[in-house]
Amino acid sequence: MGAFSWWRQPSWMADNKRGRMTPSLPWLLSALTLLHLMMHVNGLKRGVQQDLKCTTNNMRVWDCSWPAPLGVSPGTVKDICIKDRPHSCHRLETTNVKIPALSPGDHEVTINYQNGFQSKFTLNEKDVSLVPDTPEILSLSADFSTSTLQLKWNDKGSALPYPSNATWEVKVLQNPRTEPVALVSLNTVLSGKDKGHHWNWTSELPLQCATHSVSIRWHIDYPRFSGYKEWSEWSPLKNISWTRNTETNVFPQDKVVLAGSNMTICCISTTKVLSGQIGNTFRPLIHLYGETVAINILNIPVSENSGSNVIFSTVDDVYGTVVFAGYPPDVPQKLSCETHDLKEIICSWNPGRITGLVGPRNTEYTLFESISGKSAVFHRFEELANETYWLTLKMAPDQEIHNFTLTARNPLGQTESAIVINATERVALHVPISLKVKDVNSTVVTLSWYLPGNFTKINLVCQIEICKANSKKEVRNVTMRGAEDSTYHVAVDKLNPYTIYTFRVRCSSETFWKWSKWSNEKRYLTTEATPSKGPDTWREWSSDGKNLIIYWKPLPINEANGKILSYNVSCSSSEETQSLSEILDPQHKAEIKVNKNDYIISVVARNSAGSSPPSKIASMEIPNDDITVEQAVGIGNRIFLSWQHNPNMTCDYVIKWCNSSWSEPCLLDWIKVPSNSTGTVIESDQFQPGVRYNFYLYGCTNQGYQLLRSTIGYIEELAPIVAPNFTVEDTSADSILVKWDDIPVEELRGFLRGYLFYFQKGERDTPKTRSLETSHSDIKLKNITDISQKTLRIADLQGKTSYHLVLRAYTHGGLGPEKSMFVVTKENSVGLIIAILIPVAVAVIVGVVTSILCYRKREWIKETFYPDIPNPENCKALQFQKSVCEGSNALKTLEMNPCTPNHVEVLESRSIPPKIEDTEITSPVSERPGESSETDPENQAAVSYCPPIIEEEITNPAADEAGGASQVVYIDVQSMYQPQAKAEDEQDTDPVMVAGYKPQMRLPINPTAEDTTAEDEADKTAGYRPQANVNTWNLVSPDSPRSTDSNSEVVSFGSPCSINSRQFLIPPKDEDSPKSNGGGWSFTNFFQNKPND
């Protein structure tokens, strides 16, 4: 401590002084060196050692090393001593030493140097590192076909004193890559002995494509060692490379890979590779070295049977390979083993999932039996879905237990399945062959068959199937002792004579596994036996009652026991016995002439084996006056009959039946029912729907048979096929009486339940009556349920009316066809009389009432319908002032417009009586077509309407004196009142005075003559003639009408009111007189007589 302090103080002082001044650099370096040496020497004296390291590779020896102290040569070490250890000092010349492993705990170690220096330190196992020796690779080989590296090395476990766990790391390098492509850890156990290890690694890159190097290191894990455990150094690299010895450029070749996996394929080429593809899919190129490239294929699908092509294209060539992708074999499923003959064992299985690999790459199956050591191989070049494979192995003598292992193997892997069986419990026999049948008697036969196999140690169970026509199959089990390749015999009894049987056989072991297949069928007819029963017999008396007819049924096959050849019939009474000659089959009827005595009839059937027991029946029939007749309806082809129990019946009941339409005696069939029965169901294929059958129930007593009940029935009711025939018995004005006949039983086809009668009004062949439907409201329907009724009166009808009548019968089976008729009811005379009298009485009453009313109202009727016509002279409306009418141009109503007359007539003689003419207004062209053609067209005018003209000749003395005749033309002006009829004594009155109102103008014949006397005279004789101013008329106007027959100028003028109407323009102002219709027509015109209209 003093030395250390001494060296420390100058150093501090020096630093302190350096803070105040700057010393020189050499002095500073010298001080530091001296300080370091002092501290190191002081530490050696105190036993403090730095950088001491100890390692071990086998936990037996520790290898310790340390650096030499400063100023001490490594060769000056004298010894090293370990305290508390025998022989603790070791002579040394270097700074490292190997010492035996120390016990756990701290140990003091002293190192002495020749120069007197000494170093001490504490050593513990925790400070020691366990570093194994560098491992050595024994061999590195390669399987280029599978791209697999095979590595071998030795763990040198004998160098370690204790068993330990070792961890190995293997790294694989691919040239030219420097980083490992694989780094794998492996665990082993060091047992204290040298042990070799091997490891296989498959490269994704084919080994041919690059140089591969392998190096390993290891780590020992000994739990009791408390020091550091470190990895060893990596072993030197071991290389593997491919020496090209083929022309192949693409690797791997014909590789089998797992479907869905990834793989790398490379191409070694001296020229540039352009592309790489699998199938039609191009993949990117991976450059390895030089021109060598590779492609990665991801998720490879299952390939076709021919594989998937991989192609590399270079500048001058194309290279390729084939890849087969599939699956490893599935575990064999449903593995089962059995034997057919205890000589060979057959194992079958289902391959499971299809691998997708075929040919030499398909799955190979190996069946190995571990007890006997026998094996068999199965190899199939194709795979089929749901196919069953099988292999056969020979059985060893006296070996029952067999342990089978089935291994499935293909290039992608292998699986296996195992099974243990007892062969005697897995016996599935072969199909029995050579089945034969041999007679023993009519009810027993012997069956024999051959069965291959060695069954001496087991019992067999065989099933015999017995089948006959129209019967259920019968199966019988037979147990027998097994034999070797033997024929087996079995007796089959309880058979029916003369019956065809079909036999077949199958067998199994007594410890049942499964049945064999059925043998071929064998048909066989048993021999005949005597009939077991006599025929079922019945008897009927003939219609005349003199002969007895015997009926019998053919015996069933199970009772005939053979082919019936003939029948023997005999009848016996207390007085005599009769036997008929032999009746050959198939006749089943015989007739015997007997009297009224009681006979017992006997019938015997005979076949080649003998005769049957006789069947007997009594001929006597006990009368019964109390017989009821009932109705019955069946279902399908059967009918049920019932009756009350009769204690007097001592033997069977007999029910016979026949078609109702057949004549007596009729017999279709019969059955016998035990005497304790009260009903039975009769079933027969001869029953037909819609046919009536008679059923007769006979009771049997010791004296004979008695008829107890008669039943009529149908198996099924149908609708009648004909309509009832009906006629009209009587007709009246309000009713019709119809009558119909019964329908024959054969055509009724069921029990008659009633009639439906339709009627309505209607004529024949009208659409309304062609078919009657009850849905129409005007159709009347009567349902007649009393089937005994055969007439019907229809009341409340109308007389002399046609009715449509329809009649239909019906059963439970439906409605029959309809029969229609048209009937007309008679006329009702009382109604006709009433129909005549009522209108006559009404007419008389109406006439009387009308006459009374007309008489009382006659004045009103006259005024309304036929009033008096007033005198025009008294009409003030027509009394015009002359001064007003003359010379006034403003009065256009009285102005005469020119009008073309339709007729002009010139009177040459004055002796002709006055003539009044009312003609139609026509065109002059139509009146005189001959003359109009010569007339100037300019003078022609068409008049659509002009009032008719009344011409009247008036004798004028003044005119006569002047030497000419004058003509006056009148225009008929229609009066508003009906003219009154004139008496015959008034016809001689002056024509001028009776001409009525005739407005006119009289023109002188000579216009130059102005004789006022003549005018005044004319006014007096002609009456009232309103006229225009004569002086203002232009008689020579071209528009004036002129006569074409003479040179005289005769002009006609229109009405003083209008030239286009016959009505007055100024109506009468008398309020009591009727008013004219403004439309030019009045009710009075209807009663007016106009000549020539």
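Glycine is treated like the rest: Cβ placed from N, Cα and C.
Per Swiss-Prot, the listed range annotated as motif 'Box 1 motif' is 865-873 (candidates: 73-81, 604-612, 865-873). Among the residue ranges 400-404, 515-519, 725-729, 895-899, the one that Swiss-Prot annotates as motif 'WSXWS motif' is 515-519. Around the Cβ of ASN441 (N-linked glycosylation site), the same chain contributes THR527, each under 8 angstroms and 6 or more positions distant in sequence.
In the three-state DSSP scheme, ASN422 (N-linked glycosylation site) falls into the strand class. Helix, strand and coil counts from DSSP across the domain 'Fibronectin type-III 5' (623-715) read 0 helix, 50 strand, 43 coil. ASN648 (N-linked glycosylation site) is 124 Å away from ASN239 (N-linked glycosylation site) when you measure Cα to Cα. In this structure the alpha carbons, written CA, of ASN454 (N-linked glycosylation site) and ASN422 (N-linked glycosylation site) are 16 Å apart.
The glycosylation sites recorded for this entry are ASN422, ASN648, ASN659, ASN725, and the Cα of ASN422 lies nearest to that of ASN262 (N-linked glycosylation site). Cα spacing between ASN676 (N-linked glycosylation site) and ASN783 (N-linked glycosylation site): 45 Å, rounded to the nearest whole number.
Rounded to a whole number, the C-alpha distance linking ASN725 (N-linked glycosylation site) with ASN659 (N-linked glycosylation site) is 25 angstrom. Counting other Cβ atoms within 10 Å of each Cβ, the lowest count among the glycosylation sites ASN659, ASN725 belongs to ASN725. Note: the Cα of ASN200 (N-linked glycosylation site) and the Cα of ASN386 (N-linked glycosylation site) are spaced 37 Å from each other. Taking the glycosylation sites ASN200, ASN386, ASN422, ASN454, ASN648 in turn and counting surrounding C-beta atoms within 10 angstroms, the largest count is reached at ASN454.
Among the glycosylation sites ASN386, ASN422, ASN659, the residue whose Cα lies closest in space to that of ASN648 (N-linked glycosylation site) is ASN659.
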